[in-house]
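Copied over from TrEMBL, here are the features:
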| type | residues | note |
| --- | --- | --- |
| DOMAIN | 16-272 | domain 'Glycoside hydrolase family 65 N-terminal' |
| DOMAIN | 329-689 | domain 'Glycoside hydrolase family 65 central catalytic' |
| BINDING | W363, D364, K602, Q603 | substrate binding site |
| ACT_SITE | E490 | active site, proton donor |
| DOMAIN | 699-758 | domain 'Glycoside hydrolase family 65 C-terminal' |
Amino acid sequence: MSSTDHPYELDGWRITETVFHPEKVAADETVYALGNGHIGIRGTFEEQRSIYHNGTYINGFYETEPIIYGESAYGFPKLKQQMLNITDGNIIELYVDDDALDLSTGVVHDFRRSLDMRSGISTREVTWESPAGKTIRLTVRRLVSFQRKHVAAFDWECTLLEGEAVFTLLSKLEGKQRAAGSGNDPRVAHSMARNALIPKEKSIDGNEARMQHVTRNTGLGLLATMRNNIITECSVSAEPESYPQEVVHRYRIEASAGKPVRLEKILTYHTSLDSRSPELNRPARRVRSDAYRLGFAGLAAEQREYLQEFWKTADVEIDGDVSLQQSLRFNMFHLLQAAGQDGYTNIGAKGLTGEGYEGHYFWDTEIYALPFFTYTKTDIARHLLQFRIHTLDQARARARELHHKGALYPWRTINGNEASAYFPAGTAQYHINADIVYALRKYVQASGDLNLLLEGGAEMVLETARFWYDLGDFLPGKGFCINEVTGPNEYTTLVNNNVFTNLMAKQNLEYACELIEWLAEDHPALHDDIVDRLGLHRKEPQEWQQAADAMFVPYDAQRDLFPQDENFFEKAVWDFKNTPRSNYPLLLYYHPLTIYRYQVLKQPDLVLALFLQGQHFTAEQKRHNFDYYDPLTTGDSSLSACVQSIVAAEIGYTEKAYHYFMKTVRMDLDDVNGNVKDGVHTAAMAGSWLSMIYGFIGLRDNLGRLQFSPHLPEAWNAIRTTLQYHGAGLTVRLTRETLEFTWAGQVGISVEVCGSEYAIEPESKLSVALVAE
């Protein structure tokens with residue numbers, strides 16, 4: 001889809017639609033979803049009609065149930081983990097006389113919905129004529145507070161335009177559990193066998209109501225509250241109602257023309273995970289009181305202030321394409337909405353916008369999303385890494401279960417335990433260990449935050465190094481080999497010496513050696529404590545270094561190609577020519593054994609190594625290997641296009657890089673894969689930022705310093721962004737002629753541009769002339 005084919009108005013800061021399209025309802029519920037890293041609420045219409053799937057989620061709030069295997073085996077995960085669709089407060093039903101507000105009935109005279117990414121508020125405006133001929137004007141604004149993680153709010157207003165009518169208004173909290181899954185698509189969540197939310201208590205007190213639940217198996221407590229405040233000159237009578245799975249504030253309003261009826265609804269959500277305590281009422285009271293005092297207007301003011309600061313450090317400005325500017329900001333906004341910010345939660349594959357992939361956390365966070373936060377909002381990056389540190393004990397237990405030393409992190413998880421039931425494309429993706437360490441190393445180098453290493457980060461690196469050494473073997477004629485693994489390409493599994501895995505493991509081992517030496521020299525007390533607690537033998541770091549130095553990386557010198565794994569070139573190439581377009585993604589139409597038999601990629605694997613471990617490849621090798629693997633890559637994974645874009649830009653294929661960038665940057669706004677209804681693609685969203693910064697601006701930070709080799713597409717005039725580096729902002733502006741830097745730090749830094757090194761003095765500017773490609 002080109003940048004001129006778009007379903008929303010062109011606006012760099014808003015996502016706006018002006019026509020009600022029933023066929024787009026499911027996708028729009030995801031697009032207009034709001035969240036704050038803790039709460040997520042899908043953008044369903046409050047009146048609960050003409051909707052696809054209501055969804056309210058809390059990051060890390062989940063249920064378990066047994067995984068049912070046809071045939072089980074030792075070490076298979078036993079429990080499924082699933083993020084729950086929880087108590088729904090997004091319900092404000094309206095009846096005009098006897099007609100329910102429903103955009104699929106009557107006449108919609110006017111419709112406008114807009115998400116403002118500077119205010120964090122979604123607004124819907126509708127002029128609707130009921131089947132009986134009564135016309136109303138409805139305006140609804142909503143937000144999920146970034147400043148107050150437990151709070152969401154609605155500002156609902158309806159005005160009768162002519163005559164008189166009776167409005168019946170129902171504002172609800174509903175505890176019925178819903179799940180959106182269906183069919184055999186493994187990417188979509190499926191309903192649990194039993195209702196996971198067990199009612200505990202509920203109450204209505206004046207204009208407040210509350211419902212409390214506990215999860216059936218995990219025993220997690222949930223308290224949801226609402227307060228309704230109705231403001232109107234019209235006559236109003238109120239009646240509370242309570243049912244087994246819902247509490248309702250019912251209002252009967254004698255509406256007359258031109259007199260608005262306004263409902264301010266404030267929701268709060270608390271769980272036992274928040275305070276690590278089953279007591280929910282006490283911490284919730286203060287939160288409710290403060291939110292009620294502020295009201296919607298006060299919460300909205302706070303929201304705008306928060307986002308004003310966020311965009312100062314996160315914005316990427318494109319001069320030359322408003323459509324791409326819009327989608328890039330949309331992606332960054334949704335990343336902010338998805339990211340856990342308490343050190344105990346992470347980023348789900350669908351964020352907090354849907355139940356796809358059951359709300360699990362994957363390597364997507366470390367490889368795709370964390371670089372964004374590392375260079376834009378360092379505190380969030382730190383929290384995301386803390387989640388892995390806090391779940392180190394579970395990783396240790398998993399390694400022991402599989403008879404290994406050290407720690408093995410789960411391929412997919414919510415609570416830190418492995419939840420992947422399909423080990424060939426789950427547990428066998430051992431590279432997750434090195435991915436986490438890669439992200440930690442990048443964060444520390446960019447932020448200068450050595451304290452995180454002292455607060456468990458270094459211990460995590462050492463334990464993952466231990467695992468790699470135990471997993472691999474020194475084999476004659478090869479070196480240190482890591483066998484029976486799966487790399488990023490899930491269309492090839494259980495292979496020997498996957499190049500990506502081996503190179504990432506090599507860096508993991510080297511970093512562990514570097515850190516143990518640093519601890520011994522600079523923090524001897526902590527060093528001794530870690531050595532004692534882990535039972536770390538003095539020879540282990542030497543062994544890690546030997547393994548790193550001897551890491552086997554298969555290579556076909558005759559063709560100057562690196563096989564994805566040791567035996568990849570022994571397979572026939574997939575018959576792409578005779579595979580109909582309708583048979584993609586392949587995983588839905590072919591048995592895994594059929595796919596595994598061929599050279600075919602779900603997503604970049606060796607090409608991802610060219611990007612993340614580029615220091616191990618020459619420029620010519622990068623070009624040769626990209627040319628070989630790109631035609632084999634189906635793009636069946638949303639993680640594909642951004643990596644292809646980045647490497648294409650580096651090797652000078654700027655137009656191809658632009659082509660792949662277009663696929664990733666508007667993946668959700670244009671519903672490129674046809675499954676946005678299940679939630680956003682957080683990795684692809686982060687990938688659009690990666691493509692801008694690592695692709696077109698050409699940043700490389702593999703070696704601990706900032707290197708730039710820019711490639712500006714013909715369609716654009718300039719790119720401007722700010723990178724957070726060692727606590728200060730480095731503003732970078734790329735034009736066709738120059739790469740300009742503005743450094744806000746108190747200490748000078750050096751940067752490398754196209755192979756030449758330049759010094760930037762404190763609080764100063766630098767302009768580097770570029771040679772035309």
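Every residue, even glycine, has its Cβ placed from backbone N, Cα and C.
Every protein chain considered, the tally of other Cβ atoms within 10 Å of the Cβ of K602 (substrate binding site) stands at 22. Long-range neighbours of W363 (substrate binding site) (same chain, six or more residues apart, CB within less than 8 Å of its CB): W411, Q429, H431, I432, D435, I436. D364 (substrate binding site) carries a helical DSSP state (H, G or I). With a cut-off of 8 Å between CB atoms and residues at least 6 apart in sequence, the same chain places I347, A349, L639, T682, A683, A686 near D364 (substrate binding site), listed in sequence order. Report note: the substrate site is defined by W363, D364, K602, Q603, and the residues of the same chain whose CB lies within 8 Å of the CB centroid of those residues, excluding them, are F362, I367, P488, E490, S637, L639, A683. Note on the domain 'Glycoside hydrolase family 65 C-terminal' (699-758): DSSP counts are 0 helix, 35 strand, 25 coil. For E490 (active site, proton donor), the Cβ neighbour count at a 10 Å cut-off comes to 23, with all displayed protein chains included. Contacts of Q603 (substrate binding site) defined by a Cβ separation under 8 A and a same-chain sequence distance of 6+ are given as P488, N489, E490, T633, G635, D636, S637, L639, S640, V643, in order along the sequence. In this entry, W363, D364, K602, Q603 make up the residues listed for substrate, with the farthest two CA atoms of the set 16 Å from each other.
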